[in-house]
Protein chains: 2
Amino acid sequence: MLMTDIYFMQQALAEAWLAFEEGEIPVGAVVVTGGQIIARAHNLTERLTDVTAHAEMQAITMAAEYLGGKYLQPCTMYITLEPCAMCAGALYWSQIGRVVYAAEDVHRGYRAMGGKLHPKTEVTSGVLATEAATLIQQFFASKRK
Amino acid sequence: MLMTDIYFMQQALAEAWLAFEEGEIPVGAVVVTGGQIIARAHNLTERLTDVTAHAEMQAITMAAEYLGGKYLQPCTMYITLEPCAMCAGALYWSQIGRVVYAAEDVHRGYRAMGGKLHPKTEVTSGVLATEAATLIQQFFASKRK
């Protein structure tokens with residue numbers, strides 16, 4: 001595992017923690033290019049009352065705004081959870097260079113849902129997976145109380 | 001074909017025409033509930049420099065804001081083109097009651113891309129399909145000149 005991958009995934013996890021504290025399903029994402037974070041976001045579906053407000057969607061919008069172009073080929077997105085079909089579709093359109101995600105989402109992840117990323121997008125999974133999965137499990141356990 | 005479906009698809013086509021005039025791929029969408037249009041949008045990916053700014057995504061956000069809730073079960077979305085995998089994923093999360101689209105998108109539509117709508121979403125296709133497809137063909141023909 002690359003040290004830089006661990007570092008940037010920790011940044012995505014910090015975003016996920018912000019979501020947790022706000023009562024949102026704790027998923028975070030950061031976009032990196034040239035060793036620099038150019039976008040960071042966390043799930044805001046509850047606060048914005050909007051099913052489209054996943055961390056990845058916001059991060060794509062932010063990164064494109066930063067770059068001044070809608071394609072993200074030189075970028076890597078770090079996400080604490082496997083993207084859903086919607087987010088995979090958005091990442092597909094962005095032609096992002098690389099996606100690194102932590103925990104798998106066996107039920108609602110894009111692979112289970114039949115979605116796909118762009119064929120040129122490199123995918124790495126499992127970076128800090130336990131930390132990310134534990135956070136989500138804690139969230140749902142706290143909701144059941 | 002229901003007269004109301006034709007009427008509301010004409011409204012979605014009017015949105016697609018606005019996109020055409022703005023140099024955007026001409027796709028429009030409206031969301032209807034109780035016989036009333038509560039959201040209308042067209043593709044703005046170029047103007048907003050954002051691959052996520054499809055008509056459907058904006059319409060979902062607007063409709064949820066109007067309703068004050070993120071689920072769209074009582075709504076129908078009329079779209080001039082078969083949704084892509086991203087938009088199908090967003091419609092899935094919204095649990096929208098019904099989707100009516102005009103033209104098929106054989107290459108990038110959600111069926112070709114492996115995406116899916118919610119099992120409870122009723123789907124109707126082919127309403128004003130020729131009008132919608134012609135508009136898109138005209139758009140790409142004008143771009144090739």
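Note that the numbers count up from 1, one per residue, in the order the chain is shown.
For all residues, glycine too, the Cβ spot is worked out from N, Cα and C.
According to DSSP, A:Glu56 (active site, proton donor) is assigned to a helical segment. Its Cβ taken as reference, A:Glu56 (active site, proton donor) is surrounded by 28 other Cβ atoms within 10 Å in the chains shown. Look at TrEMBL and you will find A:Glu56 tagged as active site, proton donor.
Taking Cβ-Cβ distances under 8 Å and a sequence gap of 6 or more within the same chain, the neighbours of A:Cys84 (Zn(2+) binding site) are A:His54, A:Asp105, A:Arg108, A:Gly109, A:Tyr110, A:Met113, A:Gly115. Under the heading Zn(2+) binding site, TrEMBL lists A:His54, A:Cys84, A:Cys87.
For the domain 'CMP/dCMP-type deaminase' (A:3-117), the mean pLDDT of the prediction comes to 97. Annotation source TrEMBL lists domain 'CMP/dCMP-type deaminase' at A:3-117.
Classification of A:Cys87 (Zn(2+) binding site) by DSSP places it within a helix. A sphere of 10 angstroms centred on the C-beta of A:Cys87 (Zn(2+) binding site) encloses 31 other C-beta atoms. When Cβ atoms from all protein chains are considered, those within 10 Å of A:His54 (Zn(2+) binding site) total 28, not counting its own.
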